[in-house]
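These features come from TrEMBL:
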- 68-89: transmembrane segment (TRANSMEM)
- 68-458: domain 'SLC26A/SulP transporter' (DOMAIN)
- 95-114: transmembrane segment (TRANSMEM)
- 144-167: transmembrane segment (TRANSMEM)
- 220-239: transmembrane segment (TRANSMEM)
- 402-422: transmembrane segment (TRANSMEM)
- 428-446: transmembrane segment (TRANSMEM)
- 458-489: transmembrane segment (TRANSMEM)
């Protein structure tokens, strides 16, 4: 037993009682545990906590017909975007095309109940697809499905213990450097399909080395069709800015102008679906008439995927690989991918939050459960997509229920349209990806960062180059490490500004990074006053001592 005895105004003596201690019985320990559980269950059972964990209970009470129309239009529009994108993203992940569609419906349906942002459509993304490719390393779909399950479990557990704040350690420069490197890697990975050749590689250098080794086998028609598709997609993207009216405000448009402008916008938004349909017709024509047809997707199994637990073992060569061997094969990607998925999702939520706060912990729980559910329908890891979120927002989505119609449209495609996907050229899907990710290269952020704080460019540029020359998970970890070092460096050297008043005059302010860098023992005076003050004047010592006490809490 410990007791304290007051001796003076600021002194005390700590006395330890060495007598026998009373043993706590098992019954008392069980009672303490029961009280702890009861206390936390009461806290979780409040209506405020329930609505926070199930956001659907908040907006469902005020749902009306206007919300229904907005969600229906937005859901169908996003569905027309997600179908060709999911076919293309499965190619980035190194998986058969049907796995992209498997990843696009159940997560979108689950996010309706769990998600806190109306604009987020859950599904495959370019970044998660590339991270999946680098983590799976050609081992096949079983590893990708298990990766989806493990990512969901990690994200869910992080949300339960409130680790959403971890994304604060990834600064904007690091995020921009990572995103730009990913965009270049994705574009490089799709060049092989544009040229109709075979190539591989996990890093930027490996990809281009492989491309140059097989460039002599470039197929003429694949290249022509692929380049034309990229140009068409970029031109159709510009259509969204075309307005058949002098006024830019919709309230000043006539009915005819409103219909035409809305039609132009719809064509621009559905450009991926339109291109895939037209290129499918071209692919069918080449397949029927040409001696050397385009490289096509090929046959895809129709129907919905079987609902089953994710694989915890798989055949690997001539032996069965167990759970721990599969996890070892995927390496650090098991840890990095959930964090990047959260970062991507939170970035979207903040972009469309209109100044409102974003609950990163709830988003962790939401995307974690969505990935766990997706793994049971043979999906690879998913997150929110910025491009589809922009389409969702501009289409007038009102609530997360828009994901219902997106998911239903994907289910219809799985049930009835799979045979038609046979004729889609791979170069057209590569064009869809290139036209989407080319705008992810964030060159415009360099100048503002350079003007505001040049040292912030160091972790950003380092992340960019390390992600290009090393595996992505290693590059982002190096970037985060450099960012933490930068934070600690500046925290250890706080910038101090002082302004000393002397009568009617005022001495110019002094700036220093830390006490050790303060000029003239912590005070920079005007040269006129420096000449008048002796070197060992007591004012200098008192000022320095006062600053140290204030900064270090002494």
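The backbone N, Cα and C atoms fix where each Cβ goes, and this holds for glycine too.
Take the transmembrane segment (220-239) and the stretches 68-89, 95-114, 402-422, 428-446, 458-489: counting Cβ pairs under 8 Å, 428-446 has the most. Panel annotation: around the transmembrane segment (458-489), residues 130-131, 134-135, 169-171, 173-174, 176-178, 180-182, 184-185, 202-205, 331-333, 335-337, 340, 449 of the same chain, lying at least six beyond its termini, place a Cβ under 8 Å from a Cβ of the stretch. Counting Cβ pairs under 8 Å to the transmembrane segment (68-89), the top-ranked stretch among 95-114, 402-422, 428-446 is 402-422.
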